[in-house]
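This report concerns only the one structure given below.
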Amino acid sequence: MDNLAALLEGFTTVLHPVYLLYALFGVFVGTAVGVLPGIGPAMAIALLLPLTYTLEPTAAIIVFAGIYYGGMYGGSTTSILLNTPGESASIVTAIEGNKMARAGRGAAALATAAIGSFVAGTLATVALTFLAPVVARWAVQLGEPDYFALMVVAFVTVGALLGSSVPRGLAALSLGLFLGLVGTDTLTGQQRFTFGVPNLADGIDVVVVAVGLFAVGEAVYVGSRMRHGPVHVIPVEKGWRTWMRRDDWRRSWKPWLRGAAIGFPVGTIPAGGADVATFLSYASERRLAGPRRKEFGKGAIEGVAGPEAANNAAASGVLVPLLTLGLPTTATAAIIIVAFQSYGIQPGPLLLQSQSALVWALVASLYVGNLMLVVLNLPLVGMWVKVLRIPRHYLYAGILLFGALGSYALNFSPVDVLLLVVVGLVGFFMRRYGYPVAPLVVGMILGPMAEDRLRRSLAISQGDLAYLVTSPFAATAYAAIAVLLAVGLWLRRRERAQEVTTN
Amino acid sequence: MSADGSGPAADVVAPRRRWGELVLAAATAALGGYVLVAAGDIVVPGSTNTLGPRAFPYLVGAMLVAAGVVLVILVLTGRAGQEEGGEDVDPTVRTDWLTVGLLVAALVVHVFTINVLGWPFAAALLFAAAAVVLGARPWWRAALVGLVLGLVIQVVFGGLLGLSLPPGPLLEGVPFLRG
């Protein structure tokens, strides 16, 4: 009952009018930025970081919660109304939702995505409310080798699964680990890879790297091969009557619930994040469709309802390891960790005790944000359609500008912006040659933590390497790597096969 | 991270593309080699009893070398990477290197003009230059949009949110531009 009391406390914080405004602001900006093509939730948060530099932590966290959900949500609008997907998580939505929109059922597709996201997001947040304290209590008992094992699990799964090619993922991860090494060693105070440059003694700022890779790299990459000419947005019919018919409701509610049931657990384990969850949901809806199966690929509403629900449920699931173990399992989660760290808050098992008020305000704002999203978004679709039509040259110029602002505002030093340009170029080449950028960011954030744990472990054991694998948890974790990898790669192959058949 | 290419892009890969990819893979391995060598130069204080500051760099260097070598082999055997897709990416056109160069140039100019012109003007310059490079016509409309955007951000972030963006010599002393 403790948790519920704490959650109520969180609600009293969030329902304060000023914080409600912050939540509304976050949700609104998050959706607007999420709707913009080419901007996924990770980039949305990275770009909007400077907005929150001057806010106090609670307000900033509330804004972030709104941006996180809003960004996830906005992506579905993009993929339904434009013919190509933005965030990887909504690819399957694009298949069915886009077909629906072309058939004049765009409003129904948007509505089932919105309501499904709300239902699944709320259910998943309830699950988060009850699961997070349990995990945190258990996590307190974990020793140094256990944490190291967890991080190895995250490295391997993130490196291997967040991209289409395993060696490229591992190369990106290693590059991130290297960038994490630059700076002063925390345990001995020795400088490493600083090339004698004083600016590098404190390490490379993760925000610069994240913004550089996600914003600058993406803008330059798109610029290098831009689709010119007018933007084709599929028109959406006006009026409430056409949103969802009785039949649409009947066909949607089960996929919503199934999507939530699939999305949340997949989100909590490091197995590729929302991407895998949406695909699993899509595959299961297709299998369960029975006589309707032939509608899949031509605009089946189940194929929008399920994956969208799973996507949002996974977004909440990702917060479980993030808040309780400090373990980011997706690029977006990695950026959220950066945001926390910029306030001197380190997510981990002690977070729920040391920053209890903040965490519960965050959870409460997830509930509130979800509700705001569903209320706001359906009526505002006309506006999002206008946002989708924004001329691309202004859009990508704006992304560059905000990226530059974000890294300049870190220390008000042009050197950071120069570093941003360099990282942006690296991001461009990585995109061009199919290297995933997410493992780099995750590696850079987790690398120093993992090194710390490893060295502490070996200091305890006085150099005995066996200590790393003898605790039952660590042993299980290492065994789990094999299972996660096998399952993850199998899913990926299935996913690709599916894409080929549906295209 | 999107895997939307169901084939066509991979088939029309020009042989020139392989070179760039090869260079990137080789650079990864080379960086790994450098890390392995440079890790030996990290000073290990006498107080370190077990794993010192060198161990993890050795591990990272080895990973970079391994990944780089595997990638070089993959590229040489014709298994090229799958470039990323996106709403605004046209998979049928070839990379426009001029655009890449000009966008980077615009960013570099921005870096060096922040302190000279002040943030809002450096920002306007960056926005206008990038937009024109990406195809905005006429150029003066892009410049106007950039100027308005730069000033609005200056007022909102610098004035209202208290981010200390330098307004520059032209706007020095205008009260609402500073927090």
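Residue 1 is the first one shown; counting continues down the chain.
From the backbone N, Cα and C atoms, a Cβ is placed for every residue, glycine too.
Annotated range for transmembrane segment in TrEMBL, selecting from A:304-324, A:325-345: A:325-345. The stretch from A:46-69, A:147-164, A:170-188 with the most CB pairs below 8 A to the transmembrane segment (A:393-410) is A:46-69. Within the chain, the transmembrane segment (A:46-69) has long-range Cβ neighbours (under 8 A, six or more residues past its boundaries) at 13-14, 18-19, 22-30, 33, 39, 121, 207, 210-211, 214-215, 312, 315, 332, 335-336, 338-340, 342-343, 345, 357-358, 361-362, 365-366, 369-370, 372-373, 399, 402-403, 405-406, 409. The transmembrane segment (A:107-135) and the transmembrane segment (A:357-381) are in contact, since at least 3 Cβ pairs between them lie under 8 Å (pairs 6 or more apart in sequence).
Cβ atoms under 8 Å from those of the transmembrane segment (A:357-381) belong to residues 6-7, 9-11, 13-15, 19-20, 23-24, 26-28, 31, 57-58, 61-62, 65-66, 69-70, 73, 77, 107, 110-111, 114-115, 117-118, 121-122, 125, 128-129, 132, 236, 243, 316, 319, 323, 345, 351 of the same chain, restricted to positions at least 6 beyond its ends. Counting residues 6+ beyond its ends, the transmembrane segment (A:200-222) has Cβ neighbours under 8 Å at 38, 40, 42-43, 46-47, 49, 179-180, 182-184, 191, 193-194, 331, 334-335, 338, 341-342, 392, 396, 399-400, 402-403, 406-407, 410-411, 416, 419-428, 430-432, 437, 440-441, 444-445 in the same chain.
Counting same-chain residues at least six beyond the ends of the transmembrane segment (A:325-345), those with a Cβ under 8 angstroms from any Cβ of the stretch are 40-42, 45-46, 49, 52-53, 57, 60-61, 64, 68, 71, 135, 139, 147, 150-151, 154, 157-158, 162, 206-207, 210, 214, 267, 269-271, 273-274, 315, 318-319, 351, 355, 358, 437-438, 441-442, 445-446, 449.
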